[in-house]
Amino acid sequence: MRYLVAANWKMNKTVGETLEYLDRFLPSVKDLLSVDIMIAPPFTALSSASIRLDAAKKEGEYNVKLGAQNMYYVEKGAFTGEISPVMLNELDVEYVILGHSERRHIFGEKDDLINKKVITAVETGIRPILCVGETLEEREQGKTLSVVERQIRNGLAGVEKDMAFIDIAYEPVWAIGTGVNATPEQAQEVHRFIRSLINEISKGNDSNTRILYGGSVNEKNARDLIKEPNVDGFLVGTASLDPERFYKIITEVLEV
Ligand SMILES: O=C[C@H](O)COP(=O)(O)O
């Protein structure tokens, strides 16, 4: 299984800033093919980023893929403000982040909507990264594993046989954007649980499923986290906004 290091830029960077970032970042990862890299800019920058990546790939080897931060689950229609999988496919978007805690907690997305999006992503060949994770209150009440189990079982209903085409990101809500990451031990405990859960629901058909950790990952804590046996990569927010910091995190993963 190849590790995946993914950047979720959230609502950051204009088109100009995206192109400036890629100009600095891409040379550093040329010919770096042993780890999968994904960048998810805002929707408005996807087209420009796609063109820039395409041009780079004509001049050298890059294992950098584009991701979307969300999508709707139907092809087209009267859904003001939404983006469809067909629109993402046209831009060579290969990953989509679904069920991010900001979608769940700020915009009220529930498991059943997230599940519809996961199903559509799989059907249209866009690899979903299903995000799960508990709030601080849920952790303090000892509900971490039950919350994660519910989010995974509901989120993956109907796509159990396609598990190999799906990645999971464990992102404890209390660790996102706070500067307080889960300890390697805390991450490993939940990742081991997720691994056994997806083994069970996929009946063993999950050999390509990465379990990413997300939540205040940076160039200083990445090495200790990636050493854990069930941590298969990262979903990075804040630290991915700087190309040098994101590259440093990638190099920490390479060294394991
Ligand atoms: O998707 C990324 C996560 O929400 C982590 O964000 P963060 O690295 O800023 O904590």
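Glycine too: its Cβ is placed from the backbone N, Cα and C atoms.
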Site-mate of ASN8, TRP9, LYS10, SER216 for substrate in TrEMBL, selected among GLY60, GLY177, GLY233: GLY177
Lowest local Cβ density (other Cβ within 10 Å) among recorded positions: LYS10, HIS100: LYS10
Fewest Cβ neighbours within 10 Å, where candidates are the binding-site residues ASN8, SER216: SER216
Recorded positions clustered about GLU171 (active site, proton acceptor) [Cα within 10 Å; pool: TRP9, LYS10, HIS100]: HIS100
Cβ-Cβ neighbours of TRP9 (substrate binding site) (radius 10 Å): 21
Contacting recorded positions, sequence order - TRP9, GLU171, SER216 vs ligand 1, Cβ under 6 Å: GLU171, SER216
HIS100 (active site, electrophile) to GLY177 (substrate binding site) - Cα separation in whole Å: 13
